[in-house]
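A.B. asks: Pasting the relevant annotations from TrEMBL:
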type	residues	note
DOMAIN	40-289	domain 'G-protein coupled receptors family 1 profile'
TRANSMEM	27-50	transmembrane segment
TRANSMEM	90-114	transmembrane segment
TRANSMEM	135-157	transmembrane segment
TRANSMEM	196-218	transmembrane segment
TRANSMEM	239-259	transmembrane segment
TRANSMEM	271-289	transmembrane segment
Amino acid sequence: QMSNSSSITQFLLLAFADMRELQLLHFSLFLGIYLASLLSNGLIITAVACDHHLHTPMYFLLLNLSVLDLGSISTTLPKAMANSLWDTRAISYTGCAAQLFFFFFFVSAEYYLLTVMAYDRYVAICKPLHYGTLLGSRACAHMAAAAWGSAFLYAVVHTANTFSVPLCRGNVINQFFCEIPHILKLSCSDSYLREVGLLVVSACLGLGCFVFIVVSYVQILRAMLRIPSEQGRHKAFSTCLPHLAMVSLYVSTAMFAYLKPPSISSPVLNLVVSFLYSVVPPAVNPLIYSMRNQELKDAL
């Protein structure tokens, strides 16, 4: 069984189109999205790093988020662009492993970071007098480091586990980038159940983070309703709205991708959905954050 797996030197990814004109159209579309994402996330990183007014926990976390966004979109899109441009579907075995590792790493770190950001908003609105002590620069750095570190460990374990499974069902991946469930579909033994178990554990952790975010927002809402002035309520709401919008975008696209019934599954729909949750959040995050934010606009 192992001989089959070790003889795979490359995988074939799902192509967005077979017609040359469409491939070039996809390439230019992806290039536009990618450059816009690089520019907007880069601007946020630069603004937060260079403007000392923005050296607060909220913006420090936003800077981390932008770095992760750049990482996750750079893991999937450039390869898809190259494949569209050169009319190929191939990705090398090591390239596939690297893509799987980095995608998992950036996406899970981003999700943990969104959880930390929910805590930041909770403290800012429900316990404003304790904000400095509960979320000092050191505590904030520790939380961000925990998000990065746990995601890294996580990605190592998942990648090692996925690629230790013997593969004997060809090398065609039904996805435009290397992703765990799609590689497990190529396995031929029961050893993939170990990775499925790990994914279930991950899903439970993810659910825990989600519950934490929801509970934080219930508390925030209750605190907001107690704010006497309309202006105060509006200000509190506008600092939470971007984060809430991002969490919704992130969770809804990922849930739809992984939990949709097989009956409505088609290659085209799968492509669109995977594009939604892997490319849209990192491209849209900077817009969501900078639109409502005067401080950030001033810094830019």
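Cβ from N, Cα, C; glycine included.
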A.B. asks: Who are the long-range neighbours of the transmembrane segment (27-50) in its own chain, taking Cβ under 8 Å and residues 6 or more past its ends?
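C.D. replies: Counting only partners 6 or more residues beyond its ends, the transmembrane segment (27-50) has Cβ contacts under 8 Å with 59-60, 62-63, 66-67, 69-70, 73-74, 77-78, 80-81, 84-85, 279, 282-283, 285-287, 289-290, 296, 299-300.
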A.B. asks: Counting only residues 6+ away from its ends, which parts of the chain sit with a Cβ under 8 Å from the transmembrane segment (271-289)?
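C.D. replies: Residues 14, 16, 33, 36-37, 40-41, 43-44, 62, 65-66, 68-70, 72-73, 76-77, 103, 107, 110, 175-177, 179, 242, 245-246, 249-250, 253-254, 256-257, 260, 296.
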A.B. asks: Residues sitting near the transmembrane segment (90-114): Cβ under 8 Å, six or more positions beyond its termini, same chain?
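C.D. replies: Here the qualifying positions are 8-13, 61, 64-65, 68-69, 71-72, 75-76, 79, 83, 144, 146-148, 150-152, 154-156, 158-159, 162-163, 173, 177-180, 183, 202, 206, 209, 213, 243, 246-247, 250, 278, 281.
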A.B. asks: Looking only at residues six or more beyond either end of the transmembrane segment (239-259), which have a C-beta under 8 A from one in the stretch?
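C.D. replies: For the transmembrane segment (239-259), the list is 58, 110-111, 114, 117-118, 121, 124-125, 181, 210, 213, 217, 220, 270, 273-274, 276-277, 280-281, 284-285, 288-289, 291-293.
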A.B. asks: Quick test of the contact rule: Cβ under 8 Å, at least six residues beyond the ends. What residues does that give for the transmembrane segment (196-218)?
C.D. replies: 108, 111-112, 114-115, 118-119, 121-122, 154, 157-158, 161, 180-181, 184, 240, 244, 247, 251
A.B. asks: Average the pLDDT scores across the domain 'G-protein coupled receptors family 1 profile' (40-289) and report the rounded value.
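C.D. replies: Averaged over the domain 'G-protein coupled receptors family 1 profile' (40-289), the predicted model reaches a pLDDT of 88.
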